[in-house]
Amino acid sequence: MGRQKELVNRCGEMLHIRYRLLRQALAECLGTLILVMFGCGSVAQVVLSRGTHGGFLTINLAFGFAVTLGILIAGQVSGAHLNPAVTFAMCFLAREPWIKLPVYTLAQTLGAFLGAGIIFGLYYDAIWAFANNQLIVSGPNGTAGIFATYPSGHLDMVNGFFDQFIGTASLIVCVLAIVDPYNNPVPRGLEAFTVGLVVLVIGTSMGFNSGYAVNPARDFGPRLFTAIAGWGSEVFTTGRHWWWVPIVSPLLGSIAGVFVYQLMIGCHLEPPPPSTDEENVKLSHVKHKEQM
């Protein structure tokens with residue numbers, strides 16, 4: 001047992017990455033992979049079973065808990081943004097250096113790409129059998145929607161853009177409130193569960209129009225995978241070239257969320273007064289000295 005532990009420790013030292021930003025990028029990649037793998041896996045079950053193994057609620061629950069798990073995995077290493085819109089907001093507020101925006105975005109997109117690949121491999125036979133050995137993007141036998149978001153038939157481009165804008169702005173406002181130490185902060189260790197709850201609420205209230213991507217990496221990574229895996233370029237042209245909306249709109253929504261929170265809450269918060277416990281300690285100390 002001692003030799004085995006020594007060997008494990010030695011291997012760990014050899015594999016240890018000393019460049020902090022690279023360690024953080026790997027954490028973002030894995031966290032986003034977990035998010036997409038569990039989230040898209042729930043969509044796959046619903047679509048491929050034609051609704052017999054879940055529904056809209058189970059998809060939202062899966063994405064909410066997937067976000068929680070992703071944050072628990074990556075949180076202590078990278079902050080677990082798992083979303084370029086969140087990274088953009090943190091850089092915009094000068095809470096993170098701007099160099100992290102391209103690095104995190106690339107890592108998050110790669111993680112989403114790999115997560116989609118895992119689900120494709122897991123449900124490979126079911127996907128091919130679903131539409132008689134065809135990979136169809138949209139329609140009753142479409143399977144591309146397992147991986148990326150597409151607009152509903154009633155949705156035009158302007159309404160769809162607004163949908164993603166509001167969804168992301170809402171997400172950013174809630175995230176900023178959760179991580180703000182001066183605004184009734186969430187107890188340590190519960191941040192991941194609270195953010196997961198936010199995603200669940202957004203999904204159950206704003207998911208009808210286009211599936212609430214509110215995350216450029218979560219949408220583009222799997223979309224790119226489907227284009228390579230066999231669905232082809234149609235994944236970029238369907239829905240009047242919808243693919244760019246879940247990329248651009250969330251970034252603009254991120255800025256809006258930052259301004260709304262800062263203008264209405266963040267700029268007006270004051271540091272909490274010293275705790276009564278500290279005051280009591282000081283007062284008791286003074287009395288003790290006077291008695292002496």
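Including glycine, each Cβ sits where the backbone N, Cα and C put it.
Per-residue pLDDT, averaged across the topological domain 'Cytoplasmic' (1-24), gives 83. Swiss-Prot lists 1-24 (among others) with the feature topological domain 'Cytoplasmic'.
Annotation comment: Swiss-Prot describes 25-42 (among others) as transmembrane segment, evidence class similarity to another entry.
Feature annotation from Swiss-Prot assigns topological domain 'Extracellular' to 43-56 (among others); the stated evidence is similarity to another entry.
Among the features that Swiss-Prot reports, transmembrane segment is placed at 57-74 (among others), with the record citing similarity to another entry.
The site 'Selectivity filter' feature in Swiss-Prot is assigned to PHE63 (among others). Annotation note: PHE63 (site 'Selectivity filter') sits in a helical segment as assigned by DSSP. The number of other CB atoms found within 10 A of the CB of PHE63 (site 'Selectivity filter'), across every protein chain shown, is 27.
Distant neighbours of the topological domain 'Cytoplasmic' (75-78): 23-28, 31, 104, 191-192; these residues of the same chain sit at least 6 beyond its ends, with a Cβ under 8 Å from one of its Cβ atoms. Annotation source Swiss-Prot lists topological domain 'Cytoplasmic' at 75-78 (among others), citing similarity to another entry.
The intramembrane segment annotation in Swiss-Prot covers 79-92 (among others), and the record cites similarity to another entry as its basis. Beyond its flanks by at least six residues, the intramembrane segment (79-92) meets 24, 27-28, 31-32, 35, 67, 70-73, 98, 100-101, 104-105, 108-109, 168, 171-172, 175-176, 192, 214-218, 250-251, 253-255, 257-258 of its own chain at Cβ-Cβ distances under 8 Å.
Marked as topological domain 'Cytoplasmic' by Swiss-Prot on the basis of similarity to another entry: 93-100 (among others).
Taken from Swiss-Prot, the feature transmembrane segment covers 101-121 (among others).
Positions annotated as topological domain 'Extracellular' by Swiss-Prot, on the basis of similarity to another entry: 122-159 (among others). Packing against the topological domain 'Extracellular' (122-159) from elsewhere in the chain are residues 40-41, 43-44, 47-48, 116, 208-213, 219-220, 222-223, 225-226, 229-232, 234-235, 238-240, 242-243, 245-246: each is 6 or more residues past its ends and has a CB under 8 Å from a CB in it.
Here Swiss-Prot flags ASN141 as N-linked glycosylation site. DSSP assigns ASN141 (N-linked glycosylation site) to coil, not to a helix or a strand.
Taken from Swiss-Prot, the feature transmembrane segment applies to 160-177 (among others).
For 178-189 (among others), the entry in Swiss-Prot reads topological domain 'Cytoplasmic', with the evidence type similarity to another entry.
As annotated by Swiss-Prot, transmembrane segment applies to 190-206 (among others), with the evidence given as similarity to another entry. Within the same chain, residues 57, 59-61, 63-69, 71-72, 75, 80, 163, 166-167, 170-171, 174-175, 178-179, 212, 214 sit at least 6 positions outside the transmembrane segment (190-206) and bring their C-beta atoms closer than 8 Å to a C-beta of that stretch.
Annotation source Swiss-Prot lists topological domain 'Extracellular' at 207-210 (among others), citing similarity to another entry.
Here Swiss-Prot flags 211-224 (among others) as intramembrane segment, drawing on similarity to another entry.
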Would the transmembrane segment (243-264) count as touching the transmembrane segment (25-42), i.e. at least 3 C-beta pairs under 8 angstroms with sequence separation of 6+?
no
What residues in the same chain, six or more past the boundaries of the topological domain 'Cytoplasmic' (1-24), come closer than 8 Å to it by Cβ-Cβ distance?
77-79, 99-100, 103-104
Under DSSP, is TYR212 (site 'Selectivity filter') helix, strand or coil?
coil
What stretch of 57-74, 101-121, 243-264 shows the most Cβ pairs under 8 Å to the transmembrane segment (160-177)?
243-264
